[in-house]
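Asker: Below: one structure in structure tokens.
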Amino acid sequence: MQHTTQNEVRLPTRKRMPNKTHLTITIFLVVMLAVIGVQGTYLGYTVGILTNLERRFGISSRKSGTLLSVYDIGHTVAVILVGFMATGRNLPRITAIGVVLSSLSMFFLALPAAIFGTVSIDQDSLTEHRQEYISENICNTYRRSLTADEHCERQRKEEIAAFHILAMGQFLAGVAAAPFNTIAYVYIDDNLENKALSPFFLGLLSGMYAFGPAFGFGLSAGLTRVYSSITGAPPNLNINSEEWVGAWWLGFLICGALYLFCSIPLFFFPKSLIYPDEDLNDAEMHQLRHEQLHLHTHHDHELATNEGTTQRPSFLDQLKSAVEDLPYMAWDLLKNPVYTSMVIGWMFGSYLVGGFTTYLPKYIETQYGRSASAADMYAGIISIGSIAVSTALGGYILTKFNLSPRNAILCLIGSWVVILASYFLGMTVGCDEPAIKELIVHTLTTRYEFRDVSECNFECHCGSVYHFNAVHYNTTNYFSPCHAGCREFNAFLEKWDVCSCANNGPVENGLYLKECNEIFAYVTLMFVGLFFGNLFFMTTMMVILRAVHDCEKVMALSFASCITNVLGFIPAPIIFGWIIDSACILWRSRCPKDRGNCVIYDNKFFRQTFHFSNAVIQLFAVISIVFCYFFIRKRVLPEEERPEEETPNETTPEPIQTTL
């Protein structure tokens with residue numbers, strides 16, 4: 001006998017039947033691992049080729065960061081509707097449609113290369129292009145000051161059009177990915193006869209989300225070394241040139257083809273692997289969902305049904321139903337304290353990815369004076385290596401020891417405290433910023449500015465030099481060869497010569513950086529912290545799925561993903577971008593009317609604000625999970641509810657009441 005209350009509707013029981021198909025949940029898991037691997041590759045690849053996009057279309061760093069947020073905006077818009085519309089339908093087929101749309105979005109992202117061309121340099125004027133580079137940086141009494149303005153005007157129209165096309169592609173990619181981390185997870189959890197395996201299976205998927213970007217960084221590292229036109233780089237242009245643009249568009253085509261291939265097997269999976277012959281059809285599930293909603297919102301009217309026959313609601317009817325019922329469903333979920341506190345903790349925890357790991361390469365590059373490629377390598381070791389391995393290992397531990405949700409939450413609290421400690425320790429490990437000649441500070445206003453004129457470059461007119469092309473003489477850094485007073489360029493040695501600020505001798509390319517080996521201590525510290533800190537991250541997913549009834553899982557996971565995106569992944573890059581900008585000492589723009597990019601940061605302020613901000617957010621995450629533990633101690637999870645006749649004289653805690 002199934003125990004019900006006046007506010008509950010008993011779902012019809014389903015007869016378990018043997019699975020007659022050769023498709024198994026393990027095969028579905030393998031396919032989804034491939035899909036999520038491609039998605040992670042795309043996400044990592046997009047970050048890796050942002051600099052090339054900026055060079056090709058003149059996109060500022062602020063706009064390139066906006067492109068990353070557009071993906072999360074699209075994902076947020078779609079995830080709730082997908083969660084509602086998917087109930088009672090074939091989840092693998094919906095996932096397959098999402099994979100096909102993801103493939104389409106990849107081809108959309110490569111479209112600007114087909115419309116505007118793969119390169120922006122006029123192939124017939126490469127010699128002139130080379131000469132312009134030298135003329136811009138050399139000490140020249142008759143320098144023109146309009147070159148940058150002319151270049152910016154030439155790029156403006158192309159930039160606007162390309163940016164909007166890329167933004168639409170990012171938005172579509174976010175929409176298409178909505179089923180990947182929601183209904184695909186639910187399908188696996190529902191079709192596992194041994195629920196103890198769920199943390200391990202879901203941990204593998206989450207681990208692939210961390211491994212995927214590693215493939216993306218590798219793909220971007222390889223393709224950015226290939227010239228964008230594929231036919232080969234023109235003379236006098238090498239990979240270290242400011243005008244070099246790699247084959248950024250080719251990676252999107254590769255991801256699009258892989259997406260399309262992975263979508264094929266998903267179309268052949270049944271609605272259920274455990275219950276292949278469902279007694280409960282879609283229309284009945286639709287009725288029960290409405291009936292529960294009306295009971296909990298005290299509606300007096302009943303749904304009209306036809307005796308003996310039911311009809312599948314049309315798409316417009318379901319869409320209207322979604323709009324009407326969504327607030328009630330969201331409110332019922334939010335009234336579940338276990339669910340709500342865990343989602344809040346998950347949301348704060350998302351800043352680890354949206355904030356810390358997003359800007360970790362930039363932090364390492366500026367804090368420790370490493371090249372961009374080296375910074376990517378170190379960041380990959382910290383963020384991808386530790387998080388990916390620990391997430392998969394944590395899922396195995398939860399499965400091996402069959403930890404209950406309550407014990408798993410205690411493990412999660414301990415692991416997140418480790419992350420908190422690593423943030424505070426990270427504030428103490430760093431290096432000083434490099435000093436540039438003629439950088440002065442106004443002590444009254446603490447405002448920094450650059451003085452272009454000094455005794456050795458007085459006649460060079462360097463005020464119109466907007467490209468940061470640092471050179472150094474001994475231990476002194478200069479903003480550009482012009483600021484060092486250089487009057488010749490040695491093409492054979494690729495060095496600037498006859499520099500008045502260097503006793504009329506040559507200068508070395510790049511910044512002079514004081515030796516600082518703190519990077520190894522920092523990488524070790526953060527690797528250990530994030531490894532143990534993410535060991536039990538799958539607890540968040542497990543508790544969310546266990547805190548609600550089976551018919552609510554899709555909606556609960558979709559709603560949690562929506563909250564995490566809206567309050568976590570979308571604002572995180574904006575918030576931390578503002579924090580990082582506040583640490584900038586010197587701005588130098590490529591265009592006179594723009595602030596441009598930051599040349600030098602206050603490393604101490606950058607280090608302290610970056611880690612302290614992450615620590616505060618992580619502290620809120622820990623507090624939320626502590627509340628979740630106290631709530632779950634006094635609750636009976638839906639899967640733990642027992643029939644009334646088995647405990648006639650026993651008073652049990654009130655079960656979690658959530659409805660769909």
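Here the Cβ of each residue, glycine as well, is placed from N, Cα and C on the backbone.
Features from TrEMBL:
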TRANSMEM  21-45  transmembrane segment
DOMAIN    25-636  domain 'Major facilitator superfamily (MFS) profile'
TRANSMEM  65-87  transmembrane segment
TRANSMEM  94-116  transmembrane segment
TRANSMEM  163-188  transmembrane segment
TRANSMEM  200-227  transmembrane segment
TRANSMEM  247-269  transmembrane segment
TRANSMEM  338-357  transmembrane segment
TRANSMEM  377-397  transmembrane segment
TRANSMEM  409-429  transmembrane segment
TRANSMEM  519-545  transmembrane segment
TRANSMEM  557-580  transmembrane segment
TRANSMEM  612-632  transmembrane segment
REGION    641-660  region 'Disordered'
COMPBIAS  649-660  compositional bias 'Low complexity'
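Set these features in their place in the structure for me.
Answerer: With a cut-off of 8 Å between Cβ atoms, the residues of this chain six or more beyond the transmembrane segment (21-45) that come close are 71, 92, 95, 99, 102, 106, 173, 177, 180-181, 184, 187-188, 191-192, 201, 204-205, 208-217, 219-220, 251-252, 255, 258-259, 262-263, 265-266, 268-270, 273, 276.
With a cut-off of 8 Å between Cβ atoms, the residues of this chain six or more beyond the transmembrane segment (338-357) that come close are 379, 382-383, 387, 416, 419, 530, 537, 540, 543-544, 547-548, 556, 559-560, 563-564, 567-573, 575-576, 613-614, 617-618, 620-622, 624-625, 627-628, 631-632, 635, 637, 656, 658.
Listed by sequence, the residues of this chain that lie at least six past the ends of the transmembrane segment (519-545) yet keep a Cβ under 8 A from its Cβ atoms are 185-186, 189, 198-199, 202-203, 206, 338-339, 342-343, 345-346, 349, 352, 364, 368, 370, 378, 381-383, 385-387, 389-391, 393-395, 397-398, 405, 408-409, 411-412, 414-416, 418-419, 421-423, 425-426, 429-430, 553, 556-557, 560, 628, 632.
The list of residues near the transmembrane segment (557-580) in space but at least 6 beyond its ends in sequence, with Cβ under 8 angstroms from a Cβ of it, reads 62, 65, 68-69, 72-73, 75-76, 79-80, 82-84, 178, 181-183, 185-186, 329-330, 333, 339, 343, 346-348, 350-351, 353-356, 358-359, 362, 541, 544-545, 601, 606, 609-610, 613.
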Asker: Per the definition of 3+ C-beta pairs under 8 A with sequence separation of 6 or more, do the transmembrane segment (247-269) and the transmembrane segment (163-188) touch?
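Answerer: As far as Cβ distances go (cut-off 8 Å, pairs 6 or more apart), the transmembrane segment (247-269) and the transmembrane segment (163-188) do not touch.
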Asker: What residues elsewhere in the chain lie close to the transmembrane segment (377-397), defined as a C-beta under 8 angstroms and at least 6 residues from its ends?
Answerer: 199-204, 206-208, 210-211, 213-214, 217, 356-357, 360-361, 364, 370, 403, 519, 523, 526-528, 530-538
Asker: Under an 8 Å Cβ to Cβ limit, what residues of the same chain, 6 or more beyond the ends of the transmembrane segment (612-632), are close to it?
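Answerer: Same-chain contacts beyond the flanks: 337-338, 341-342, 344-345, 348-349, 351-352, 355-356, 405-406, 409-410, 412-413, 416-417, 419-420, 423-424, 427, 543, 547, 575-576, 579.
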